[in-house]
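Noted in TrEMBL for the protein shown:
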type     : residues                                                   : note
BINDING  : A:Thr146, A:Lys169, A:Thr180, A:Glu260, A:Asn379, A:Ser384 : substrate binding site
ACT_SITE : A:Thr180                                                   : active site, nucleophile
Number of protein chains: 2
Amino acid sequence: MSVTAAKGFRAAGVAAGLKSTGAPDVALVVNDGPNDAAAAVFTSNRCKANPVLWSERAISDGRLRAVVLNSGGANCYTGAEGFQVTHATAEEVARLNALSPLDVLVCSTGLIGLPLPQDRLLAGVADATTRLTATGGGDAAEAIRTTDSVSKQASVTSPHGWSVGGMAKGAGMLAPALATMLVVITTDALVDGPGLDSALRAATRVTFDRLDSDGCQSTNDTVALMSSGASGLAPDPVEFTAAVTAVCHDLAQQLLADAEGSEHDIAIEVRGAVSEEEAVEVGRSVARSNLFKAAVFGKDPNWGRILASVGTTSATFDPADLDVAMNDVWVCRKSTPAESADGIDLSGRKVGVVIDLKAGPATATVWTNDLTHAYVHENSAYSS
Amino acid sequence: MSVTAAKGFRAAGVAAGLKSTGAPDVALVVNDGPNDAAAAVFTSNRCKANPVLWSERAISDGRLRAVVLNSGGANCYTGAEGFQVTHATAEEVARLNALSPLDVLVCSTGLIGLPLPQDRLLAGVADATTRLTATGGGDAAEAIRTTDSVSKQASVTSPHGWSVGGMAKGAGMLAPALATMLVVITTDALVDGPGLDSALRAATRVTFDRLDSDGCQSTNDTVALMSSGASGLAPDPVEFTAAVTAVCHDLAQQLLADAEGSEHDIAIEVRGAVSEEEAVEVGRSVARSNLFKAAVFGKDPNWGRILASVGTTSATFDPADLDVAMNDVWVCRKSTPAESADGIDLSGRKVGVVIDLKAGPATATVWTNDLTHAYVHENSAYSS
């Protein structure tokens, strides 16, 4: 499991006192090679945190030797001083592990606008370095939790002998172009930078980018993929992309299941769109309807709120010819009531919505959560 | 006050049994002239309710003699049968009041996807017709309430002797390109169709269109403006537009104050934008951040969530040079923490946010509410 499922990686997670609770808050993942190829994708939010600004630079040559992550502070909107903390963190990882600072990706998560105490963070880096082991993936996954109720890990082993493993954190601010999350994926397959980049982009496009728990887009999102090449095996690119996608999908579903205060996981499948982009646009509009999400929390199959959301998009469809199903009951055909919604049981955690636009061949699924009292509670009390 | 503040109008509100509670649910406003010029704007949602489909046709010649409104059912996604109910309603108002059906605007509000009982609605129309009076505006305003806790009315009288009055309903699904609301505005000033249309569009653009309580856009929104000309006075166009805007602003603020479950009214002023459109885009992004809105509910001045929303827009600004104030405290200057947020008291209902993009001369204010337990409760229990 996790980032040490693949050979050639060591990891650790330690408590550095960044969290007032004393829980683990610094994680380190080191790639012992022989390969050092890597790829990463970042938040599309234009207000980027300091570690993202650093990491975009670090990954630009397609090579990484380590990823250092902290919870307990996002180091976002903390000014030039905050960037200096990120820089010092990369320098310290490099110094202690005999690497170049620009081969160190830095990730932070927590509150925005608060300074991150550099002395504690660097002491944590030193502590983590001494604890690095080939079985430390679980400790690392533990140390990146914020409001996550559980740590998230996944792995796939190819019948050809190579592996892909990963860890993720994220429970709120989950929205497009990456949820609010940090993800580190490792593989011992031998893949070069461009191969990793193309596999990672293909995988995130249909997994993390389709997750829209609360419509709020973070400033810190990072997904990194590193290859150690320690298996000595060069994978088939299609099989490799499928394996990375499987790990991303597994982690994305774990994020969904652990979203702050959620009681339902809602899959919104849009069919019959003229393009995948339009299918995603329609799915996302429903995923962002507070009224629809509150109705699901109330176990109310209120499909009118689905159509009201579809109508706000610019996708191609005939407003008088839409079909909608909830949990396989086609409550709406040709934009008029069809099968009775009375029998729809929304007591389970999984809810399925299908919207048929009848306009083309494309399809896409967007995942979201319901809007609950607990979501409001967690997010109104988070920093106070 | 209300739609009978202006001379030349009669109105009534009656209980027709559309609401299970027995509360008033049918309203009628008749223009006795001599003028019959009118204008109306409708939801930009592409999934439009049957009454909107009818009313777009009715207003196309710039003339109206009556508006009939019902609560207790939106008549949306009810198919050809539903359109027939709307058509029959207009016919009945016309027959009983000696008008042309195409001079009758029809508005409905309530749940989507449920048939509206035609016999009850037509009986309500007959009852309302017999009760029409020149002081019936209050009864009409009462009859269009859904989850509104109070009826909404406003009026302005010009020193020149003409008046503008209006009523509104709306408490949820409040979002752009009109909130979920029905509004009827009347005037005894003598204004032609194009003059009414231009005043109405100018007024709604800076009032109802800037209200974004929960990001959910309705299928039934209608704002109608009718001129009876009964004062015999032709107003100055600028003064008339200002009066219509004042009535719309007053009604919009009443909608905001009564939004479902809300505890705060939040004004988001964006300054320094290169255009009004960009200022609105930035304001709306913050108005739609569930995280920010939940923080306000929790009385937590979490300005990081404001910046995270600003960063999702395509507006022109330097991410490293943003200023943000909450209740006049500049918590963020040049995208770094400035004055302490500790002293910000969010216990009052009114909350003010100012965002300075420092990119241009344009400004706009968008209004929203906080995200509360009560919002989730009302909207999870609404139809069950």
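Cβ coordinates come from backbone N, Cα and C, glycine included.
What you are looking at is a predicted structure, and each value in this text was computed from that prediction instead of being measured.
Structure with TrEMBL features highlighted.
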residue	record	DSSP class
A:Thr146	substrate binding site	coil
A:Lys169	substrate binding site	strand
A:Glu260	substrate binding site	coil
A:Asn379	substrate binding site	helix
Binding-site residues near chain B, Cβ-Cβ under 8 Å, from A:Thr146, A:Glu260, A:Asn379: A:Asn379
Spatial neighbours of A:Lys169 (substrate binding site) that are distant in sequence (at least 6 apart) but have CB under 8 A: A:Ser71, A:Thr109, A:Ala141, A:Ile144, A:Arg145, A:Thr146, A:Asp148, A:Ser151, A:Lys152, A:Met181, A:Leu182, A:Val183
Sparsest-packed among the binding-site residues, when each Cβ's other Cβ atoms within 10 Å are tallied, from A:Thr146, A:Asn379: A:Thr146
Number of Cβ atoms other than its own within 10 Å, given for A:Glu260 (substrate binding site): 26
